[in-house]
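Student: Take a look at this one; I'll ask things after.
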Amino acid sequence: MEPLLNGRGLIVSLIFFLLKFSTAIEIPPSVQQVPTITKQSKVQVAFPFDEYFQIECEAKGNPEPTFTWTKDGNPFYFTDHRIITSNNSGTFRIPNEGHISHFQGKYRCFASNKLGIAMSEEIEFIVPSVPKFPKEKIDPLEVEEGDPIVLPCNPPKGLPPLHIYWMNIELEHIEQDERVYMSQKGDLYFANVEEKDSRNDYCCFAAFPRLRTIVQKMPMKLTVNSLKHANDSSSSTEIGSKANSIKQRKPKLLLPPTESGSESSITILKGETLLLECFAEGLPTPQVDWNKIGGDLPKGRETKENYGKTLKIENVSYQDKGNYRCTASNFLGIATHDFHVIVEEPPRWTKKPQSAVYSTGSNGILLCEAEGEPQPTIKWRVNGSPIDNHPFAGDVVFPREISFINLQPNHTAVYQCEASNVHGTILASANVDVVDVRPLIQTKDGENYATVVGYSAFLHCEFFASPEAVVSWQKVEEAKPLEGRRYHVYDNGTLQINRTTEEDAGSYSCWVENAIGKTAVTANLDIRNATKLRISPKNPRIPKLHMLELHCESKCDLHLKHSLKLSWSKDGEAFEINGTEDGRIIIDGANLTISNVTLEDQGIYCCSAHTALDSAADITQVTVLDVPDPPENLHLSERQNRSVRLSWEAGDDHNSNISEYIVEFEGNKEEPGRWEELTRVQGKKTTVILPLAPFVRYQFRVIAVNEVGRSQPSQPSDHHETPPAAPDRNPQNIRVQASQPKEMIIKWEPLKSMEQNGPGLEYRVTWKPQGAPVEWEEETVTNHTLRVMTPAVYAPYDVKVQAINQLGSGPAPQSVTLYSGEDYPDTAPVIHGVDVINSTLVKVTWSTIPKDRVHGRLKGYQINWWKTKSLLDGRTHPKEVNVLRFSGQRNSGMVPSLDAFSEFHLTVLAYNSKGAGPESEPYIFQTPEGVPEQPTFLKVIKVDKDTATLSWGLPKKLNGNLTGYLLQYQIINDTNEIGELNDINITTPSKPSWHLSNLNATTKYKFYLRACTSQGCGKPITEESSTIGEGKYAGLYDDISTQGWFIGLMCAIALLTLVLLTVCFVKRNRGGKYSVKEKEDLHPDPEIQSVKDETFGEYSDSDEKPLKGSLRSLNRDMQPTESADSLVEYGEGDHALFNEDGSFIGAYAGSKEKGSVESNGSSTATFPLRA
């Protein structure tokens, strides 16, 4: 069913049904009817390689027909025991056994029952004989050089087609040309023989491909006598006379043969291929030409073959009849032959009698007309016998028609019409069945139909009735015939409902009624929702080489989903199911993906959906974008000294508008072949006036730009050369290079090749002391540097540089101020004092040096310091100098990251661009005690139900005299609730462990340990552990601990822990991170904020989680730590810790004591909270 809105589909559907309904009525098998031949053989050939030969004849009828045969017009009985017959069939087989040639003949099959006899067309059964050349002795042929000769083939008769070949005994083809020709009958003609034609193995081969047989004629010997070999035994007079016997002669036709005269007639059937052949002997070899007398040869269908000797006309029509002439000619004369071509045709039907069903008392007519050449004769038969033997009262019989009046049941018969001429006979049969029967509905009762909303529905009610019947349809629940333009009932009973709606669903009844009676069936109609499609994205624009992805979203009725099939096409051509073999185009159901899109992928893409009932489609226009084609036809005009007009033609923009053009030039003498951008032009313009520089030989090219990118450059334009001129500008960036005292090395940026404007470029340099009433000194150089000696160190000078060439000077130069070379500072600052801020930070003050002692531009001051000894153990340290610089004019600075409780030496010096001056006298100072670093480790070495023993290690740096430890602990468990913090002051510095008692059983604790000096306690180290259970739980653990399986489990856990620790260690050495932040967030230290305030340079995490409880300081009696250094106070803040190139100086230029600057990896510890 096709959608109503689809006009093309509706027209096709209507034509289909109209054709179907106009065909002859098919009588149901249950109704009595005359026999009808349904299958029969045509020509049957008994090939020797077949196992059997089957001659077919099948028929239908009611009653079941019986079969008889005739052979060559006589009754044929299956008396030969070899014949195999079939039940209820006229077909029989002849096995390929023994002699079967007597079966050859023309057979006809007759199928008969009590109502009539059906007759088949003649079936010819051919038993071909095996073709053979006769055994014969062929006498040798001997001819003189130049004579004509014909070698006959005379092939045996056999089953066509026949192919003839002339070959030698080595099966090499005899070469044919204008002189040698094989006729259609197979004879080999020579227009004039030559000596090379002599051979004793001319063999004619006849091939019968349908018989798979090739036969060979006995070889023939041909001898050509040449006169030049006669001189051995003949006199010169004899040789001359023989030479005269080889005479040139005019053409004489060998084909057609002489006995046929100057003209002949040929009859050809319409539609076949006409072959006319002419061959003439003569010397020189004649040429053959063809023409049609009184007309032209048919163009397009005629060809001349075999060097013009054969005229071939394909698909002959009546227009091709007439006279054709062949003309053979050489310079001595001509020979002609005329062919009178007659075009005839076997019989063909123009009107065939049609079978029909009639009711008693009705009238009818049978027509039978045929054409052919000659005109066919028409003969009528009834049940296989001449109609004269079966007269009916009232029937009118003419050669081309039979009329029936008041038909009766005894008129029921099979009528045969034969049309014959000399070229064949054709047979047509028509069944006349006179039947009176109540309507028989052939469509099943209760058939279910379905269509979609808006489409047409077709409900079938095929029937057979005689006399004619009336068909009516009605909806079952309405019980009245359907009326309205939307309903149409066809002659065969089918109901068409147009523009269906959901209300059309339901059951329908078909009633068929004639004079004998009436019959009815029901049909059920379901209405489905129409299928809908949408392609996304709509009309995409995609750059070349990108990926295109199209999606086809479909929606169809649930009942149709199983039959839904999607397909894709482009510009009307369907894609393969899965895309292309190379995988560039992939189709996955509703998705179409194209990789590396090319311009050929542009077009209209269609997604089609087909279900069992309807179809839908949606399209999208895909536009492929690409960079533009290069501009073309560059042209220069309006040529001036400093400008020229450039014009061009735009190339294809490939679906993306050109936004601009880039004009490039080439002409730099220093870099020939290098293209540089000159200007840009808006995309709508294709001409521009270009500003030019003097003394340049220009060439231009243009690049087009669109949203995808740049085109390839265009072909270069013609050259354009500008004349020289004086410079337009002077050098820039005039400066002094690092030089010696009382010296200036003046440098500048030289003019580029495009800026020189002419030959002979030089630079005029002038200078004088700034503010001095003296004349300018001057020097002209060709390079871009000049060395000038000065009487003073670091003195200011006014300097000018001007460009000049052979055509003049550049513009008046601007004066710049430069300084002569610097020297080192020659005096040292005096240190006023060192103020100790805390145990790691001091402030140094000094006196600045006089300006005249700097001998250059002062860049700043440098502090050098080194540690001499530790005050804790009195050990001296090797000298490792640390450096910290402070830029600018200043007299103080902060020195950070010192070791506590130590002695240091310190010096200060000034430095300028030349370098550093002398150091001051060393200043000695000492740092006070500080708080220790955290202990190196803290372990819970033993735990019981209410006790725990802890052990720890000394801090790496004590930073003073150790006075003891502060041990704290609290209950943490696994919730946000925390227990009260308990303190224990351990006053024995040498004690490395502590035993805690009165703990809660089966409870998790967190322990904090700090080392302390007289200045306070340092950062804590932490550890967590749980006590074991009470009473029976402890006993249970004791019992379990003695079980073998428990010991094995513990060993496995220990091994797994060792593996995990190894992995963590490797990860940490590779720069990995441990996820400890969550634990720190759960149990943060109470003084985390104060430590962050005191410690600079450490990472600060502001994402802290709120905890229940209150904060209190662990250092109730402790003083603030002395590490609250801030780098902002060192030097001059933002600048003090950075040198001139922006690098950090605070990391010290010299070496330092290990660990004096870096923070310890475990120094960021968690702090306890008190609930």
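Glycine is treated like the rest: Cβ placed from N, Cα and C.
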Student: Can you dig out which of the ranges 72-91, 652-671, 872-891, 1152-1171 TrEMBL describes as region 'Disordered'?
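Tutor: Spelled out, TrEMBL records region 'Disordered' over residues 1152-1171, not the other listed ranges.
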Student: Answer with yes or no whether the domain 'Fibronectin type-III' (630-725) touches the domain 'Ig-like' (29-124) by the criterion of at least three Cβ pairs under 8 A, sequence separation 6 or more.
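Tutor: No, the stretches stay apart by this measure.
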Student: Any chance you could find the range in 128-223, 251-330, 347-433, 630-725, 934-1031 with the most Cβ pairs under 8 Å to the domain 'Ig-like' (531-623)?
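Tutor: Result: 630-725.
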Student: Could you name the stretch, out of 128-223, 251-330, 439-526, 934-1031, with the greatest number of CB pairs under 8 A to the domain 'Ig-like' (347-433)?
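Tutor: The stretch with the most close Cβ contacts to the domain 'Ig-like' (347-433) is 439-526.
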Student: Counting each residue once, how many in the domain 'Fibronectin type-III' (630-725) are helix, strand and coil under DSSP?
Tutor: 0 helix, 44 strand, 52 coil
